[in-house]
Each structure stands twice: as structure tokens, then as C-alpha cells.
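Trainee: Quick one: the structure is below, and I'll ask about it shortly.
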Ligand code: HEM
């Protein structure tokens, strides 16, 4: 892990001054790109950030033009809003990202095809798992892996390139900034609560060696609570916990909801409810989880709930643990007086 993280720290120069958003975003991007594409040194190239920044800049420019049009011609608002929503999901904004992913897919397909028959212990990326059915379908010699990957399920067809690109883009959109911001929330909470930081270090991190395994990360139960507590106070994806009503209903005997109404959960009120979380719910206190009688499965919504809950929760928790172990093993995180708010 050190091998991946040190080049990033060096890249940013004097780390004491720069252990901020950029560094944490690069750390998460690097691990993300490595896990899903198998990319090496993604952070050095900083390409994910550059692509997302380019998309955001394009969006901002268009939105500015739209807002001027609406101010001058208010009656055009509905048409402009419709155009805006169409453009946001459009290829127009994402073409650079789309091309980049499609190129990676083609390159990876060639690499996988040229690989000798696997003897088992190979590190497959998320992309490989999407590609593998196609490659195995056409390669009878790989019967052994075919059974493993199909794991008893019948696969009737492999994924087309545009379906794979779209799955990868979903992952990137949903996991790119969320993970970096979650890391920031935890780092901030640890900086403000040195006693908790010391406890994590003394009890769980100090004895670990750098070759982290899945089992080691799973055993870090206190670090797990630290992350969950930070995300309780900073539920950064909470605006996505929203649903469209599929049937009319009445909530609590008084609030009427019609078919097609949009409902957004007030996550912050739930997460700061004293009846659910105990005394001083606004304070960062990972220990509160130790005695918590989980009263209701929907009282903690940092990753949402139900069939549309976050698909990447486990991956996000794993990534956060990896990054936090490496950071805490090598640094003591100290809060500075000045606080800067993230804008978007
Ligand atoms: C700490 C980091 C993350 C947080 C806090 C977070 C939070 C959320 C939240 C609140 C939702 C909405 C859930 C709901 O409506 O019930 C969501 C959806 C989703 N997340 Fe995450 N997420 C994180 C990281 C990731 C990562 C790393 C990935 C992908 C690798 C990911 C993939 C998704 C996807 C695909 C959805 C949409 C699921 C659906 O609509 O069916 N998330 N996330």
C-alpha cells in the first residue's frame, strides 16, 4: 500500500500544508482506478479528477447561459429546464470520459486474451469481471474459470461494450466524490478528537503491517465505528435518499402523498435524534455505537436503505479503512484553526 500512497504524497510537495481535499481526492481516485480498471499510478496522472473537472466546467457554462435565458425570458423556463435535464444525462457532457473508458476496455480485453490460463490466484478488477463472460464464452480452454465465474448461474449473453462503459460510468459518478468526501469527514473528525485518534492508533492500527489483507481490514471494528460515526454527522450523500411515490398514501394520518410526488428524507434530523442516538447526538462519539440498540433499520441512512441503497457501501468502507490505516500509521492528524468549507 505504501508503494501506491507515497508517490501521491511526494507529488503534492510539503504534506503538512497540503493534507487537504486535493490529497484525499487523489488517494481515493488512485485506489478506485486501481480496483475498477487495474490502473497503475492513476493519481500521478490525476486523470479522473481532470475529466470530472472538465465535465463540471462544461455543465457550469451551459447552466450559466440557461440561467441568463430564464432571467430575460421567464416564460421559457419549462423548456430550458427540460433541455437542461436532457443535457445533464447526455453523451455531450461525458464524451471524454466515455472515450477514455472505451479505450481502457479495448486495451484490457487484449491483455486478458493474451494472458495464459490462470492458476487461480489472480487479481481481477471490476472491469475484468464485466469482460470475462465475453472472453470465456469464446474460449473453451478456460473451462475451469468459466465454472468459477458463472458460479452456478446461467449466463445467456455477455455484456456489450456500451453496457460496460455505462456500468463503469455509474460506478465512477457514484463513487468518485463521495469516497473522497467521506475520507475528509473522517480525517476532520479525528483531527478534532485526538483521544479517538489515539485510541484507533493504539488499539488497532499500530500493530498492523503494511501488507493489508481483507481479513485484517474486517477485524478493525473500532475504525469501522469511527467511520460510521463520522458519516452519521456528515451524511454526504443524503440528498440522494429520495423516492418517487408509486401509489398515493397518507403518512401519519395527515400528510397526503399523491402518485408521482417526490419525497426526500430529512436524514440530518434522523441522525441527530436524541431518542435514537442517545445523549448529545451532535457530538462525535464512536463509542455510542457500542451500546446502541439499533431501534430501527432506517435510523442510519448514510448509505440509504432498501433495494436502491448504495451499491458501493462495502467497497467504500474497505477503501476508507485502507486509506485511514496508511494515514494513521504514518501521520498524526492535527486540526488547524482555520476551517475551509467545500463549495460543491
Ligand atoms: C462513503 C462513500 C459513499 C457514500 C456515503 C454513498 C452514499 C450513497 C447514498 C446515500 C445513496 C442513495 C441510496 C438510497 O437512495 O437509498 C447511494 C447510491 C449509490 N451508490 Fe453510493 N455512496 C458511497 C460510495 C459509493 C461507491 C464507492 C460506489 C461505487 C463503487 C457507490 C455506488 C452507488 C450506486 C451505484 C448507487 C445507486 C444505487 C441505486 O440507485 O440502485 N457509492 N450512495
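Every residue gets a Cβ built from N, Cα and C, even glycine.
TrEMBL feature annotations, pasted as is:
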- 95-122: coiled coil (COILED)
- 310: heme binding site (BINDING)
Trainee: How many neighbouring Cβ atoms, not counting its own, are there within 10 Å of the Cβ of the residue listed as 'heme binding site'?
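Mentor: Its Cβ has 19 other Cβ atoms within 10 Å.
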Trainee: What average pLDDT is reported by the model for the coiled coil (95-122)?
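Mentor: Computed over the coiled coil (95-122), the mean pLDDT is 70 on the 0 to 100 scale.
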Trainee: Which state, by DSSP, holds residue 310 (heme binding site): helix, strand or coil?
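Mentor: It is coil.
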